[in-house]
Amino acid sequence: MPPEDVQDRAAGVLVGVACGDAIGRPVEFVSQTAVSEQFGTIDGPVDGGRPPRPAGTVTDDTELTLRTARSLVDCHRLDPEDVSARFVDWLGSSPLDVGYLTRDVLEKIAAGKDWSLASYEASMQAPDGRDAGNGSLMRCTPIAVAFRADPQSLVSGSRVISAITHYDTRCQWSCALFNYIVAQLIRGDKPELTPFLQEYKHRLPSELQDGVSNWRATEPTYDSGYVISTLHAALYHGLTAESPREGICESVNHGGDADTIGALTGALLGARFGATAFPTAWVDTVSNTDAAITLSQRLLALDFPAFSAEPYAID
């Protein structure tokens, strides 16, 4: 196994997803003003949401993240067919929330279509503005843990794991960039976007390059499910906050797409500070944190074979 500090940071990624998701869920798509009126200041898991649920309840962000992690662990490799089958099984479990595009793709797969064709068709058929949501970014982080020391496999795996439901290249490359940063943090390296942006500058969508070039200096947008806006908000809070509590609470009190922004902010903060930096009361209250820790340990213990996106038609 890797050193204990690496184990702690890897566990922090998945614990951070669950904590940020659960803390943001009650104020998802609530305005910042309404958050203040209804809750004062969110400083941890609370009851509420639409529909109302107990404090610590997680959503599709965490559930699909853990399904992805379990597939990696059980298959000892990244197997997109297995991941897509697990997602279809999840859809049949009557989940609390399902994104528009994710539901469309999974229903096509359930009807017998190959995942890549289903995803491509759903993307082409999606109404304008609905084909580049954050529904794959929210669940991509197990790839960063599994391929933390293999940048090429990390990028390929991130793109393919996105394309299972979100074919648009803005989604694919947002997942790749996010996981690139998460992997740096897990390894204990300084987070640097520039090497990634330079290496892939001829392949990255211009909207992504523009959206993250001044992430630190530009105020994020919180009330949009657009993948690049969500990525920007997560970087803004996840890479500047002084603790998981500070970063997650600052991000979710803006309302908007609070569960997903909270989950991704939590992933970055977990990778920076480790699972042990999260308040014990949060970890004890939030659903699935035990599973998150166990799966992170199992991901670290495996030596995953290199992964290439070339066999998959995702460009």
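Heads up, residue numbers simply count up from 1 along the chain you see.
Placed from the backbone N, Cα and C atoms, the Cβ positions cover glycine too.
Features as listed in TrEMBL:
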type    : residues                                    : note
BINDING : Thr59, Asp60, Asp61, Asp257, Asp259, Thr260 : Mg(2+) binding site
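Projection of TrEMBL feature records onto the structure.
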residue	record	Cβ contacts under 8 Å, 6 or more apart
Thr59	Mg(2+) binding site	Asp21, Arg25, Glu28, Pro95, Leu96, Asp97, Asp259
Asp60	Mg(2+) binding site	Pro95, Leu96, Asp97, Val98, Gly99, Thr102, Gly135, Met138, Arg139
Asp61	Mg(2+) binding site	Val17, Asp21, Met138, Arg139, Asp259, Thr260, Ala263
Asp257	Mg(2+) binding site	Glu28, Phe29, Asn134, Tyr222, Asp223, Ser224, Gly225, Thr230
*In the same chain, which residues outside the set Thr59, Asp60, Asp61, Asp257, Asp259, Thr260 have their CB within 8 A of the centroid of the CB atoms that define the Mg(2+) site?*
Asp21, Gly24, Arg25, Glu28, Asp97, Met138, Gly262, Ala263
*So which of the binding-site residues is most packed in, judged by how many other Cβ atoms lie within 10 Å of its Cβ, out of Asp259, Thr260?*
Thr260
*What kind of secondary structure is Asp257 (Mg(2+) binding site) part of, going by DSSP in three states?*
coil
